[in-house]
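Feature annotations, reproduced from TrEMBL:
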type   : residues : note
DOMAIN : 42-167   : domain 'Alcohol dehydrogenase-like N-terminal'
DOMAIN : 210-341  : domain 'Alcohol dehydrogenase-like C-terminal'
Amino acid sequence: MSLSSSTEDSSSPAIITCKAAVAWGAGEPLVMEEVELSPPHPHEIRIKVFSSSLCRSDISAWESQAIFPRIFGHEASGIVESIGEGVTEFKEGDHVLTVFTGECRTCRQCRSGKSNVCQVLGLERRGVMHSDQRTRFSIKGKPVFHYCAVSSFSEYTVVHSGCAVKVSPNAPLEKICLLSCGVAAGLGAAWNVAGVSEGSTVVIFGLGTVGLSVAQGARLKGASRIIGVDTNPDKCEKAKAFGVTEFINPSDSSEPIQQVIKRITDGGADYSFECIGDTGMITTALQSCCDGWGLTVTLGVPKVKPEMSAHYGLLLTGRTLKGTLFGGWKPKSDLPSLVDMYMNKEIEVDGFITHDLPFEDINTAFSLMTEGKCLRCVIHMPR
């Protein structure tokens with residue numbers, strides 16, 4: 001990292017130059033580039049990224065979205081390097097998690113007590129910052145777009161202060177970065193959204209990090225049967241470690257998977273979770289629930305065909321379909337307690353990390369994820 005000017009007032013953050021993994025086109029390998037990063041604007045903080053884990057949604061956006069050049073990454077931990085005007089919650093040296101959806105604590109949604117979908121700092125889709133709809137990254141004066149207003153595949157990044165969560169300096173940053181998206185989303189889906197009950201039957205479609213986090217959450221709530229569904233047979237043993245009691249590979253059955261589930265559960269599961277990002281599977285998950293009280297929660301982010309369809313009869317007979325963003329957690333209010341649970345060994349995080357890679361090997365992480373050979377690759381930034 002270098003400052004752009006040695007004449008800057010030492011009390012005022014300067015533009016810095018640092019390395020970032022830049023995506024120049026859909027599905028193209030990331031390129032290590034020297035990028036310029038602006039100082040934090042009012043109510044923003046600049047973070048030295050410590051670790052960033054690769055999430056499936058990074059892959060989906062990289063493969064399909066048209067906003068380039070772009071810096072992906074959102075599931076990250078770091079240390080505050082500088083703060084912008086008006087920031088009182090953070091100071092230089094604070095340890096933080098970044099979050100892809102913020103919490104302003106003043107909008108209608110934040111004040112409702114019913115939602116975590118902030119109206120001010122919600123999911124950003126256009127590749128810019130919330131406050132001024134501009135970028136903080138550039139190369140030779142030309143903008144480089146953000147991802148989810150985080151962009152953690154960079155040595156440094158700038159985020160809104162409402163999109164960062166202060167955590168204990170004793171928590172290992174290279175582990176807890178997973179709590180800023182996937183692991184928290186799965187646990188929250190089981191606990192906050194579905195409210196999985198003791199002795200219940202749960203079926204989970206897709207056994208990636210999010211699906212296995214749902215399994216862990218269901219196990220901790222006392223579910224008696226946790227059925228995991230995935231076409232990758234290699235996930236069977238790993239799934240059992242997180243609480244899955246039965247594994248079904250749809251490729252091994254000539255019978256539609258929803259019929260298999262209904263047959264082995266005496267009419268359907270109490271709860272089903274769609275963790276793939278396939279809108280067709282939402283219907284399958286609904287069909288796998290029981291009449292009367294069956295509840296389906298959809299967590300996946302679809303790459304194609306965002307519209308879904310289902311026969312009205314599935315709802316007429318009492319089933320419920322719910323969606324969730326980040327497992328219903330209010331990030332600034334709730335994430336510190338999840339970090340505490342991890343530190344107290346009440347929840348498992350380390351087991352999701354299948355690969356640790358240096359920043360320069362980030363394309364290897366993308367390959368492992370697209371080939372289905374990892375749960376989470378943690379990218380370690382230069383120290």
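From the backbone N, Cα and C atoms, a Cβ is placed for every residue, glycine too.
Source: prediction; values computed, not measured.
With DSSP states grouped into helix (H, G, I), strand (E, B) and coil, the domain 'Alcohol dehydrogenase-like N-terminal' (42-167) comes out at 17 helix, 40 strand, 69 coil. Under DSSP, residues within the domain 'Alcohol dehydrogenase-like C-terminal' (210-341) fall into helix, strand and coil as 56 helix, 22 strand, 54 coil.
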